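For reference, the structure discussed in these notes is given below.
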Amino acid sequence: MMSMFDGLFADLKQARESFEPALSPREIGKITSVATGIAKVSGLPNVGYDELLLFPGDIYGIAFNVDEDEIGVVLLGEYWHLQAGDEVERLGHVVDVPVGDSLIGRIINPIGKPLDGKGNLGTTERLPIERPSPAIMDRAGVSVPLQTGIKVIDALIPVGRGQRELILGDRQTGKTAIAMDTILNQRGKNVLCVYCAIGQRASGVAKVIATLREQGAMEYTVVVVTEGNEPPGLAYVAPYAATSIAEYFMEQGRDVLIVYDDLTHHARAYRELSLLLRRPPGREAFPGDIFYIHSRLLERATHLSKELGGGSLTALPIIETEAQDISAYIPTNLISITDGQIYLSPALFELGILPAVDVGKSVSRVGGKAQRAAYRGVTVDLKLAYAQFEELETFARFGARLDDDTLKIIEHGRRIRACLKQPEFAPVSMAEQIAVLVALTADLFDDINLDNMPAAEQAVRDAAANITDDIVERLESTDKLSKDDKAVILELARQALETFSTDTDLGEPR
């Protein structure tokens, strides 16, 4: 009997000596107050700036204001059930987001929660949403074009891979349509896309997603969504989370396109949070660091050097202007940060000129270096002719008597504008664009009635299907458009236009 107890005590002693309690320290604070999208927390003296906190109901928050006795927290979820006295736990790390190939084709929110009902994302790899932008010596120049499939942009305002090109204009002028056309045109071009909807209406986001699915673009696209009825904290972190997802692919040597739709809502969300947290307001009530939140975001878009894989991240931020005022605070900030802008004019939109790109107010500062040589050979004269037309058209509206040369310039310009029109979700291939541009610069459309221009332009595009593969390869290379290739394209265009009316009334306003 004693030997049995001795054995039992020996086992207990051995277990006691080998036992190592799995203690995990936790820092717990308490909510002192809750407001719209924010909370004040006390009792966490060691918390760091931007650190992630856990609230009851698995709601996350970011330590935004770190004061001596209290923390201002931006909430990243529904906060209606939170109240003063609830416990808050430090998590010891910053906000991160899941990344990886398994995200392609998925719809998520900025903290990685799937919204498409397809289950878990199937990835364990995560990246912080805030990451430093690449160093200067880690970057390469913008040298490869990003074809948008939109004639007026690819010809006159070209975009390169690794560029930041701002899209701005009043509401309902086609800004999202420009971005969507660009995404649709990346099909088969080895470019991954990330579409970030920031504070958008649910119906608008649903329409975008439906279009991506119908056109087969979800096969190479990740969608990050925050809706307008969600807390402003989610809208604030959304573009940073989307950029980290895109950077993962860029750092693998891949080309990525990211669309921020739109940064006006992002700026307003940040203004709302800053005012609620009692940060000092500045111009238009925006906080003093409003420029910095966008510059540190857009500086992450770049073309990496060959040593780092040569990947690229092209950014198309969208901004909404009010009453065509591009000199307002947020638009001028973004214009100064980006490498150019595409301005959409309400006046052109109302006239049915779509896309409503105002070429005179649009510019691409670095994209011209990346534009294919075949474009450069035909667009130099086109830009000059279109600029002259826009200037002279103003005088023609006042009924001024114009000489024959001026009337010819105006009629030619009207045909340029007619050829640059394009319906949405109908990207045009490079060969078709070159064929139309070559025909324009050779004045082949000048004898065609304006009413017949859409059909004539389509006929030239259809004729471009007969361009031989070797010519198409040269067009898509860095070679200039040779005289022989140009002659072949011109002959195809002439044959396509033979059946159209040559009835024109020079000088008659249309």
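Glycine is treated like the rest: Cβ placed from N, Cα and C.
Some features that Swiss-Prot has for this protein:
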BINDING   GLY169, ASP170, ARG171, GLN172, THR173, GLY174, LYS175, THR176  ATP binding site
SITE      SER362  site 'Required for activity'
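Feature annotations (Swiss-Prot) mapped to structure.
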residue : record                       : Cβ neighbours (10 Å)
GLY169  : ATP binding site             : 29
ASP170  : ATP binding site             : 19
ARG171  : ATP binding site             : 11
GLN172  : ATP binding site             : 11
THR173  : ATP binding site             : 27
GLY174  : ATP binding site             : 19
LYS175  : ATP binding site             : 26
THR176  : ATP binding site             : 22
SER362  : site 'Required for activity' : 21
ATP site shell beyond GLY169, ASP170, ARG171, GLN172, THR173, GLY174, LYS175, THR176, criterion: Cβ within 8 Å of Cβ centroid: GLU320, LEU344, PRO346, PHE349
Cα separation, SER362 (site 'Required for activity') to GLN172 (ATP binding site) (Å, whole number): 18
